[in-house]
């Protein structure tokens, strides 16, 4: 029996406020549904963030309805949990998935005691629980005991092993309940898989499109798409199926030789982009000569015929003066007094005047400070 695992589709997301990027997200979802139909899977499991927000735009809801109807026409159930993006932010709100469930297009699993039986495979799921309710999450996980080894647990949570940053994770691998053969996880946008003791598999499908520039490096290595899961053996096996998405690249432009650098970027775009869609370009500025913003923006317009959108991702320009100062600070000065002395001499103070000023700064005795001030002013007591 084969299942298709997808996650973090973020329908309705309008990256960089571009209509073309919103359409890209819809196109990617259509490709995922095509894969499910073409592979004749038993079901699709979606591990959270079907929508980008809890109140998605009408276009996003309409696209979801159209594509999910295609699945239903092929008798392929769509089993999902909610993620942090599409979960309600107020108690009186509902999951947008509930509207789809009302029309029998999907089955949403909200708590751990919800489950779906697919032939001899049990699918459990728990929708996203935030940091403030992490104890409730751990309690729910501690109570679940699958009735069969061929069982799947769907989660949309930060796991410390994969998101080891303060506030980014809610559970550790040790919090996962025992007895499942597959833990299908959403939330992380890059593909991952790990085997636990006993052969159980943690499988992270990742987002099927590039939602943040931090995902570009991993996309270039592992691509994006869906995970085909074969549950027919004693342990699950997986196979990645990629989708065709708009490329995104991070490239340097050196402002010291900006025309030449832009021409080099254009050449790289021609060589590396094989997609029919123009790419998104994230620019890292390099160089040592500051450039006026209006001049920079005018020069960058040469890229417009080759990219869908470009943006300054990082500004790494460091002027020669700044670089020299940093080098001097690292190699020349042994103390704060040396830095102050160098500055004072640089603006015209004599060695003697510089010494007096530094003595005034360092002196704690008020009477001695008064004497030094008089000496500096040339009005010492006779």
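From the backbone N, Cα and C atoms, a Cβ is placed for every residue, glycine too.
Per Swiss-Prot, these features apply:
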type	residues	note
BINDING	8, 10, 49, 189	Mn(2+) 1 binding site
BINDING	49, 84, 156, 187	Mn(2+) 2 binding site
ACT_SITE	85	active site, proton donor
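Location within the structure of each feature annotated in Swiss-Prot.
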residue: 8; record: Mn(2+) 1 binding site; DSSP class: coil
residue: 49; record: Mn(2+) 1 binding site; DSSP class: coil
residue: 84; record: Mn(2+) 2 binding site; DSSP class: coil
residue: 156; record: Mn(2+) 2 binding site; DSSP class: coil
residue: 187; record: Mn(2+) 2 binding site; DSSP class: coil
Report, in whole Å, the straight Cα-to-Cα distance of residue 8 (Mn(2+) 1 binding site) from residue 156 (Mn(2+) 2 binding site).
9
Alpha-carbon spacing, residue 10 (Mn(2+) 1 binding site) to the residue listed as 'active site, proton donor', which is rounded to whole Å:
8
When the Cα of residue 8 (Mn(2+) 1 binding site) is compared with the Cα of each of the recorded positions 84, 85, 187, which one is closest?
187
Residues flanking the Mn(2+) 1 site, with Cβ no more than 8 Å from the Cβ centroid of 8, 10, 49, 189 and excluding those residues themselves:
7, 9, 48, 52, 83, 85, 186, 187, 207, 211
